[in-house]
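Quick look at what Swiss-Prot lists:
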type	residues	note
REGION	1-175	region 'Viral panhandle binding'
REGION	1-100	region 'Chaperone activity'
REGION	150-175	region 'Interaction with host RPS19'
SITE	Asp88	site 'Important for the endonuclease activity'
SITE	Asp103	site 'Important for the endonuclease activity'
Amino acid sequence: MSTLKEVQDNITLHEQQLVTARQKLKDAERAVELDPDDVNKSTLQSRRAAVSALETKLGELKRELADLIAAQKLASKPVDPTGIEPDDHLKEKSSLRYGNVLDVNSIDLEEPSGQTADWKSIGLYILSFALPIILKALYMLSTRGRQTIKENKGTRIRFKDDSSYEEVNGIRKPRHLYVSMPTAQSTMKADEITPGRFRTIACGLFPAQVKARNIISPVMGVIGFSFFVKDWMERIDDFLAARCPFLPEQKDPRDAALATNRAYFITRQLQVDESKVSDIEDLIADARAESATIFADIATPHSVWVFACAPDRCPPTALYVAGMPELGAFFAILQDMRNTIMASKSVGTSEEKLKKKSAFYQSYLRRTQSMGIQLDQKIIILYMSHWGREAVNHFHLGDDMDPELRELAQTLVDIKVREISNQEPLKL
């Protein structure tokens, strides 16, 4: 390991070399200005590379020097025979050893991790773009979301399309749509758009357009979303007209409508109206002015399509429509149910099976309630009792091969593998 003097001498030497290299770089830049031939350009590039390498090395040496000085200070500090740090408040040594020092200087308490998004500014930003680039980005982050996120994790990507541009001095320049691809350690700003936030706001603003283009996330596809929405108006009308077990039965047949799910939803709408937040109301008003397909009743042809791309919470534009946040929770439960079925039928230890289970519902519930509204669990129960069995019967469980066909194919595989090798055949 280098001594303190060696590192200091190294720093002095590199600083001298850097001064010389920078002077040579300036000379090369002047030479290119006077005669921009290939030789001068090549010399300029090599001079830049040399300066960059020296700056990098100098930075490393300075960090090494700082570490050595810190280590010397630590070594010279008197060690308490009790093993307790000088600023520790304990009178007796803890059974736990001292761990890492966590530096929190970089954390901004005004914008903590996991905060509620600024939906108004996010919504207005998205509304400022042409519809084609929004729908194409939605397709890339839902239908092809897994691949896009995997390839770009930890970066801030830009979507580009001919439909999105701005004119500067009469010249068209591309206007990019920015989306951040965070890692688990990333801290997102309130107005920063992540894939989850983008799917949430885009589906909430343009459900009719999502329906017209049949953009469905694979996560929703495997729980039979396409089948579920096929006769949506007929399905929701039958549901709203059904008898509600949470309302008292009416003695007069003429008042039967007062004991239906529709009557319960009307009461729920009055409760929701009292929970409205001004920012989201402003966003809804602006969205209507910008021709977004906003709806005020769950019994609308495109209402269910706000969940087509598996948003991680109820879109803010549908938050104040009775039954909509609960419908998203119903879909989240279906995702958990399917994953539980898949985990149950898989081979492995109980711990391995538990890892394959999911918590979509808990995540959805937490994120939606952070927007200022409490979900009505009774409505989720109504959805599950009316549509649960049918939905489960239309899950895609990834095992569509007939058992006899599988057995026959496996036999042929076994025979061929034994003919050409002495290895054990794999299972189909």
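Backbone N, Cα and C atoms are what each Cβ position is placed from, and that goes for glycine too.
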**Integer average pLDDT (0 to 100) for the region 'Chaperone activity' (1-100)** = 82
**Complete:** Around the Cβ of Asp88 (site 'Important for the endonuclease activity'), other Cβ atoms found within 10 Å total 13
**Fill in**
What DSSP reports for the region 'Interaction with host RPS19' (150-175) is 3 helix, 13 strand, 10 coil
**Asked** Per DSSP, what is the residue tally for the region 'Chaperone activity' (1-100) in helix, strand and coil?
**Response** 70 helix, 0 strand, 30 coil
